[in-house]
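Undergrad: What Swiss-Prot records for K77, S152 is active site, charge relay system. Swiss-Prot lists S176 with the feature active site, acyl-ester intermediate, giving sequence analysis as the kind of evidence.
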Amino acid sequence: MSFNHKTIEELHDLLVAKEISATELTQKTLEDIKSREEAVGSFITVSEEAALKQAAAIDAKGIDADNLMSGIPLAVKDNISTKGILTTAASKMLYNYEPIFDATSVANAYAKDMIVIGKTNMDEFAMGGSTETSYFKKTKNAWDHTKVPGGSSGGSATAVASGQVRLSLGSDTGGSIRQPAAFNGVVGLKPTYGTVSRYGLIAFGSSLDQIGPFAPTVKENAQLLNVIASSDVKDATSAPVRIADYTSKIGRDIKGMKIALPKEYLGEGIDPEIKETVLAAAKQFEALGATVEEVSLPHSKYGVAVYYIIASSEASSNLQRFDGIRYGFRADDAKNLDEIYVNTRSQGFGDEVKRRIMLGTFSLSSGYYDAYFKKAGQVRTLIIQDFDKVFADYDLILGPTTPTVAFGLDTLNHDPVAMYLADLLTIPVNLAGLPGISIPAGFVDGLPVGLQLIGPKYAEETIYQAAAAFEAVTDYHKQQPIIFGGDK
């Protein structure tokens, strides 16, 4: 018997009633991972021994009836530090790295007696939109194994979508939770910048990175955010604002809610069938009592260019620490210190990572800083101001998560610009530090379409309220790929 169709609340009831044990649930989860892993390739590391040991300890002390997550397995993206469990960032550079500490998000999960079942595949150092730049393997879409799962958190998305696990953690720098959530038909949230501690997250773009949850449903997503969100003295960017319960507005109606639909989000480059799906969703929100009106975010068209200058510049600084001296991969053909640095970084980093390091180094270099990095920061401010103007009059922004459904494996990985444009609709949210969610909203050619809801800072409860209202009157979240037992 598999438990992957049961919600977290249903699993909790079974655990409390002792109809199953944490060990049995962990064993079944490990079986689900193994039976599906060859097809989708979600995991880099499955921590079977550690997970079973932790489950046994939880069983020994007993399930806490007041702790919803007690004994629940969790998959963690492989750029989030896990003490004693390989944390590679999907890079040759860290192929053998075992952290000596847990990320705060992981420590928070452990504090709630969640069981880390394994580490999921991703684009190397979270740089990519297809999970094809991983040093270890290419993850495949849960709905069609000839398509990409999205990225960079592709493994975390497919692990949930394929029924390997119920919950997972990812990170989002320019869309890396929302895009794979959309491509795989699951719920993925990028919280407000600072809501979840970045301590223990292997840094890519420090002003953009944010850890967030994946789940099959809106409520389960919010329940996981309840676990990982916290202020943290170990993270200087951690926000002091903490919502007591992110599920508090789920189930409330949305009558009177004002939702903005930016015309730029339905313009050039957006697949016509995606546009139709979003417009149908807008009508559904109106039927639920919300007002949906067209607005403009005029500077969003510069988002991709701004992002790749800022993110690459921050990455070029953050990745300087990987030099072959202290930990990780070291080139064995070096004859002196300079060659250790050069050869290690040349051999240890993949092409996409090296491309972004070079772009960032150029943008920060003397003579080009003002023309690129400084100007990108100024345009970033304009993008933030666009959002501020809209949120002065509206509660949420609605739009597609991605311009297309999942594209084929090996179709865009040799065309960086085309790959970058796939994040056209998600990047502005990171630049502004806002919360955004992707929820299932339909299908095009048998592939899931994601609907994005964006809120002002710290409006996660309102986002969850609207997302849950839409979910309650649609069945897209209930449809599952064949690998999960569905009929698609």
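Glycine is treated like the rest: Cβ placed from N, Cα and C.
Please situate the listed features within the shown structure.
TA: Sequence-distant neighbours of K77 (active site, charge relay system): residues of the same chain at least 6 apart with a C-beta under 8 Å from its C-beta are K119, T120, M122, S153, G155, S156, S168, L169, G170, S171.
Over all protein chains present, the Cβ of S152 (active site, charge relay system) has 34 other Cβ atoms lying within 10 Å.
Over all protein chains present, the Cβ of S176 (active site, acyl-ester intermediate) has 37 other Cβ atoms lying within 10 Å.
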Undergrad: Quick one: Cα separation, S152 (active site, charge relay system) versus S176 (active site, acyl-ester intermediate), in Å?
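TA: Cα-Cα distance, S152 (active site, charge relay system) to S176 (active site, acyl-ester intermediate): 5 Å.
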